[in-house]
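Undergrad: What Swiss-Prot records for this protein is below:
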TOPO_DOM  1-30  topological domain 'Cytoplasmic'
TOPO_DOM  52-918  topological domain 'Lumenal'
DISULFID  C177-C182  disulfide bond
DISULFID  C188-C236  disulfide bond
MOD_RES   S361  phosphoserine
DISULFID  C399-C414  disulfide bond
BINDING   L667, R671, N696, N722, R727, D743, D744, D745, E831, D832, R875  UDP-N-acetyl-alpha-D-glucosamine binding site
DISULFID  C830-C878  disulfide bond
Amino acid sequence: MTGYTMLRNGGVGNGGQTCMLRWSNRIRLTWLSFTLFIILVFFPLIAHYYLTTLDEADEAGKRIFGPRAGSELCEVKHVLDLCRIRESVSEELLQLEAKRQELNSEIAKLNLKIEACKKSIENAKQDLLQLKNVISQTEHSYKELMAQNQPKLSLPIRLLPEKDDAGLPPPKVTRGCRLHNCFDYSRCPLTSGFPVYVYDSDQFAFGSYLDPLVKQAFQATVRANVYVTENAAIACLYVVLVGEMQEPTVLRPADLEKQLFSLPHWRTDGHNHVIINLSRKSDTQNLLYNVSTGRHVAQSTFYAAQYRAGFDLVVSPLVHAMSEPNFMEIPPQVPVKRKYLFTFQGEKIESLRSSLQEARSFEEEMEGDPPADYDDRIIATLKAVQDSKLDQVLVEFTCKNQPKPSLPTEWALCGEREDRLELLKLSTFALIITPGDPHLLISSGCATRLFEALEVGAVPVVLGEQVQLPYHDMLQWNEAALVVPKPRVTEVHFLLRSLSDSDLLAMRRQGRFLWETYFSTADSIFNTVLAMIRTRIQIPAAPIREEVAAEIPHRSGKAAGTDPNMADNGDLDLGPVETEPPYASPKYLRNFTLTVTDCYRGWNSAPGPFHLFPHTPFDPVLPSEAKFLGSGTGFRPIGGGAGGSGKEFQAALGGNVQREQFTVVMLTYEREEVLMNSLERLNGLPYLNKVVVVWNSPKLPSEDLLWPDIGVPIMVVRTEKNSLNNRFLPWNEIETEAILSIDDDAHLRHDEIMFGFRVWREARDRIVGFPGRYHAWDIPHQSWLYNSNYSCELSMVLTGAAFFHKYYAYLYSYVMPQAIRDMVDEYINCEDIAMNFLVSHITRKPPIKVTSRWTFRCPGCPQALSHDDSHFHERHKCINFFVKVYGYMPLLYTQFRVDSVLFKTRLPHDKTKCFKFI
């Protein structure tokens, strides 16, 4: 019962709990439903209300983000007042901002005015400084002019001799003839120009006996000679050709003497006559041996009893009469060592009597001791050297065929000329054994051997010190040949082996120069004969001709603009502005010193003694103190001699030579716009004398083309043909020594040009410029290549932007082999390479590169020829052809470039640099 009751109670209790749970669940569900109803009904209404209120607030300029309390609604009016205040402040801020911007604009304008004023002040200071420099320079020039005590020299004015002269009979003994007693100086004033009258051999009996080739070659060279005149009355010198005679004709000395005495201008004594006997064969007769005239004799064979030192002339034989050597047939000078160390071919003529010997008097035969005959010792020694096999030599003392006719005791030539030349091309040295007769000073056979050795680059070794080599009065034969006494024949082998390659090549190169200049053609022989006599009587050479410029009329007046690419050189000017007219370099200051004091250098270095130049880059330089102690005319030392940094440096040229200017030579071809831009860039360039524009186009400039006014004359020169050689013609309008050759599309800053000019003044004999190139060895093909890649070595400076001396323009146009200029015209290329070859050949120095420029870029310029691939192939060919013409590679390498002295040097605040960017 109790258990039942408990169960029941428990059941009743559990049921109550269940009912309570159900009731609470219903309440929760009802509350949740009510809550959801409230949210779903009232929230959209509230949101709609506030959204509509927000729109109204926005329209009133208010932003309402939610419901406000009752107290806040009272403050709406205050908020509106604050908003109005904010709007007012914003308007004031906008007005203040506008005023601030106006003030900033005014400040910027004022700053610009300040900068302009500062710039104008600086310009005024620069102008003042330049004016002070000009005043100083003018005062200096005035003082120099007032203190000048030496007349200004120029091209000599010709003073001609009178028609009649008193005559000058020779001394009783014709062997005593010398210039002082057998030459009439009154007919040859120093400024006479050395007029020469040449007899026409066809008008005289002896002319019919002359060798036709000799006569024809002689007449051709006479027609082209600048000294020859047809007016015998004003002549200083009279020339008559008497040989070589045709075989077998032999004119007796008495007959020839009689014919010479009957010459129309002989004037009873024949003073100032030169009798020329040119040789073509080794057995040429000594036609003038017993002809007693007492006058100059020029021939290739002389006996001691006949030759008068300082009066007669030993000349080269006339081997061939071509106008210019065929450079393709001449072997190269390198390699230095050839197959044979030395060679000799010849056969001794044993006969001691001949028609020539019989003509000698008995007293002459008996004079002195009998000659020592070294020929047997020479033969034995040379054969021993050949048999020793120490060096490969070739000596033959018997001709395979009949030897050439020769004089007694002389070594006759063997074989034909072509065969002898082929052997000499394989020979490092060529032995020349002088005749055994000590009275025979020189013979045609020896002179022919010398000619052939020099022609092919075999260094002559002359055994016999008594020999008188051609033109020995002026030529320093020790630079091109070895003259060894015959008693030293046993030491010849040792002597030849001891020569270094550099010495040997220097002798070979000098021998080539002597052969080309004095031996190779009929022109060179005749010019040398006249030059020898002219030098002896101290008359200067004829002035070298200048190219007369045909000016193209053009309109100028266009104001030159300023180039934004021009570098500012800081507070330094680049030189004084020249207010006086452009001044030319002085000319012909050394008319007579070149002939008197410097004649040996002129005779033994290119181009020889045949021209008088207005100036050369080799003129002597005064010591530094001379400019302050009486020889200061024309000098402008820096700081008056005290030196200085940038400002003092830019105020004067300084250096080791007098003040000077330079001429710009600009080659152009149908690029008018590019040309005008380039000319404008030259505006205001200090020390610029003139601009010569070489108009290379057949079309004239446009008639409406207005040329810029750059402060100096612009001369537009018309050329006869389109040739790159025109760039280097020595135009008469170029009045300065310094030439800046520049392409019409080259961009150079003023400071770069001025620095290049200053460097050139210290290296006047070299090319000084900007773009560098070099020659590279092509190993597979064993030839040369033109290379424009960046390199630490260079050997050329392109003349599209380079300084050089006008002297080289003369050499390029009138002295350099014509074959080189012809190739330049053929390819329309390589003229810059040719100029580098020429200068290095003359000086044996490389060019000088200035600044870091390697090339030039011309944006907007028409395509240049240098961009074509064939351009480089042609330049390869040019280099190798030029090497053949010169016989060797004259270009030399250099491994440095030049910058200004104080470049990248830390300076005190009171010092300035020479150039800002260089």
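The backbone N, Cα and C atoms fix where each Cβ goes, glycine too.
Help me picture where these features are in the structure shown.
TA: Here the topological domain 'Cytoplasmic' (1-30) has a mean pLDDT of 54 out of 100.
Taking all protein chains in view, 21 other C-beta atoms sit within 10 angstroms of the C-beta of C177 (disulfide bond). For the recorded site, C177 (disulfide bond), the DSSP three-state label reads coil.
Using a 10 Å Cβ-Cβ cutoff, C188 (disulfide bond) registers 22 neighbours.
Other Cβ atoms within 10 Å of the Cβ of C399 (disulfide bond), summed over all protein chains shown, number 15.
Applying an 8 A CB threshold to same-chain residues 6+ apart, the list for N696 (UDP-N-acetyl-alpha-D-glucosamine binding site) reads L667, T668, Y669, T719, N722, S723, L724, N726.
Within the same chain, residues at least 6 positions away in sequence whose Cβ sits under 8 Å from that of C878 (disulfide bond) are Y786, M823, V824, Y827, N829, C830, I833, A834.
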Undergrad: Give me the Cα-Cα distance between C399 (disulfide bond) and R875 (UDP-N-acetyl-alpha-D-glucosamine binding site), rounded to a whole Å.
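TA: Distance (Cα to Cα, whole Å): 47 Å.
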Undergrad: Distance check, please: Cα of R727 (UDP-N-acetyl-alpha-D-glucosamine binding site) against Cα of C177 (disulfide bond), rounded to an integer number of angstrom.
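TA: About 50 Å separate the Cα atoms of these two residues.
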Undergrad: Distance check, please: Cα of C177 (disulfide bond) against Cα of C236 (disulfide bond), rounded to an integer number of angstrom.
TA: 18
Undergrad: Let me spell it out: for each of the binding-site residues (D744, E831), count the other Cβ atoms within 10 Å of that residue's Cβ, using every protein chain shown. Which one has the most?
TA: E831
Undergrad: How many Å lie between the Cα of D744 (UDP-N-acetyl-alpha-D-glucosamine binding site) and the Cα of C188 (disulfide bond)?
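TA: Each residue's Cα considered, D744 (UDP-N-acetyl-alpha-D-glucosamine binding site) and C188 (disulfide bond) end up 49 Å apart.
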Undergrad: Compared by Cα position, which of the disulfide-bonded residues C182, C188, C236, C414 is the closest one to R875 (UDP-N-acetyl-alpha-D-glucosamine binding site)?
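TA: Nearest by Cα distance to R875 (UDP-N-acetyl-alpha-D-glucosamine binding site): C414.
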Undergrad: For D744 (UDP-N-acetyl-alpha-D-glucosamine binding site), which DSSP three-state class applies?
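TA: DSSP assigns D744 (UDP-N-acetyl-alpha-D-glucosamine binding site) to coil.
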Undergrad: Could you find out if DSSP has R875 (UDP-N-acetyl-alpha-D-glucosamine binding site) as helix, strand or coil?
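TA: For R875 (UDP-N-acetyl-alpha-D-glucosamine binding site) - judged by DSSP and reduced to three states - the answer is helix.
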